[in-house]
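According to TrEMBL, the feature region 'Disordered' maps to 1-65, 128-174. Per TrEMBL, compositional bias 'Acidic residues' is recorded for 13-22. Summarising the annotation, TrEMBL assigns domain 'Amino acid transporter transmembrane' to 180-560. Per TrEMBL, the feature transmembrane segment maps to 210-230, 257-277, 289-312, 324-345, 365-387, 399-422, 482-505, 512-530, 536-561.
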Amino acid sequence: MRNSVSERSFLIESDDDDDAAVEDGKRRGLGGGGGDDDDGSDSSSPCDSPRVVAARCSQPSSYTQQWPQSYRQSIDMYSSVHSPNLSFLGTPSLSRLSNSFLTNSFRGKPPEIISSLIKPLLPTSIASASDDHQQQQQHEDVRKSSHYLPPSRKASSLQRIPEDQRPMVGGHEVGPHRQCSYSQGVMNGVNVLCGVGILSTPYAVKQGGWLGLVILAVLGALAWYTGILLRRCLDSKDGLETYPDIGHAAFGTAGRIIISIILYMELYACCIEYLILESDNLSKLFPNAHLTMGNLTLDSHMLFAILTALVVMPTTWLRDLSCLSFISAGGVIASIVIVSCLFWVGLVDHVGTVESEGTALNLPGIPIAIGLYGYCYSGHGVFPNIYSSLKKSNQFPAVLFTCIALSTVLFAAAAIMGYIMFGESTESQFTLNLPPNLVASKIAVWTTVTNPITKYALTMTPLALSLEELLPPNKQTYPNIMILRSALVVSSLIIALSVPFFGLVMSLVGSFLTMFVAYILPCACFLSILRSKVTWYQVVLCVFIIVVGLCCVGVGTYSSLSKIIQKYQ
């Protein structure tokens, strides 16, 4: 994190050191206020000097003091991929985490260690042993107390966590401040992009035809460009760290709230897709499964959707998501395994190759294909976090290009091979077309089933934390947090059972939400924040992307909703 107000409690120094750091930052011109900076100026990054970091982090930012305050930390936990560190298991850091952050992250009332509680009230030479003991006890009580709140303002359960209590992911702190290398940044990006959307790329070819793959390439190129625009926005002003911060700088508080709601709706829709995916694939594995209770009979689809919800619900109650975050990092490997199994079934087992060459262009299905392809690039809510975590911020364009290029190759490979194998019989998830008796098919299906279970809680947590911020301080208790998170799981289950159409729901999300997050809003924010610095061709290109994006929103949303309604009729 570059200059979050929450880092004020991460740096524990004496008052003299703090003052010196602030003065040093002011002398360097980095001490405080916002204002526009030259775009792309990475040479003055506050990450270059820990002393300057302390100076800047000690000053509050107006962007990080408004809802949602937990966005940065929760998205870091959702997206971060780090190398495993086995020494983390069983270390004192783990016990401190389980006794402090894990307890308080549920209750929405984090501990905050302030310097006056750390330093002795009397000089060491005259302080008695009993006084020292009392001060240490007071420190420990405050650290462990789940009811401690700073008097200034209410905060989320991931705000202002002391350094020794910050959540860990794979042995690293959540939200590392300029700690990610080039390869880690690429892994973070690919892990976010290569989600369940890859399963529907053959279905997208079926809907739009072979020429529809051009849409995939164009959307990938535009996603890279709009990601660069987000970086330009982040560099334009001090204090900007996240997508909601950019919306705040561009359109005020209303822009921050609207963008946050869209981002959280997208994450919530992903959780719904996870439940539909689990229901479809598990019912394929066990088609005869059912449950009869009196006059009520649950078929395999409903039964497995409910069972999946019951399995993932306790994971949303977990106070330590580091284990889930580390396991979900295998999403990159899972995507490669699934695509490899698809190729193995087609090329080695010679299954499913159709004689028809397929449709070159299917105009009626293009709106659905646009939504499906657009959903594949729904990672812009995380890109600012990836940028803020890079050791060398000038590598961000290359990191973004690499992760989008690798993801596009996987998307295209799955789309081409899947449609060649199954043609017009392609299902909304190509795993549903794989023969159940083959080993490669079983590996693909079970990998598909396992991965969303680990990602559900990580995907739902940002939304849950944002809602917990809105609770009154006296309501942020353990039972209330459990009820809130359970209600989110149950509501996603109800929607998944009501609209069990994986491909159409994905197209709806991609057409409506992703088009705004990935294409329309980055251009709009860029033009608003940097309106005095943009060139005429940047204006033309951004306006073109906005207009095309709005058209895609209109036709894609209408087509998806109309087909969902037709399913019921």
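Each residue, glycine too, has its Cβ placed from N, Cα and C.
Whatever TrEMBL says is automated annotation, not expert-curated.
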Best-contacting stretch, by C-beta pairs under 8 Å, relative to the transmembrane segment (365-387) and drawn from 399-422, 482-505, 536-561: 536-561
Selected stretch (most C-beta pairs under 8 A with the transmembrane segment (257-277)) from 210-230, 289-312, 512-530, 536-561: 512-530
Top Cβ-contact partner of the transmembrane segment (289-312) among 210-230, 399-422, 482-505, 512-530 (pairs under 8 Å): 482-505
The transmembrane segment (512-530) and the transmembrane segment (399-422) contact flag, 3+ Cβ pairs under 8 angstroms: no
Result, the transmembrane segment (536-561) in contact with the transmembrane segment (210-230) (3+ CB pairs under 8 Å): yes
Within-chain partners of the transmembrane segment (536-561) [C-beta distance under 8 Å, separation at least 6 from its ends]: 222, 225-226, 229, 367-368, 370-371, 374, 504-505, 507-508, 510-512, 515-516, 519-520, 523-524, 526-527
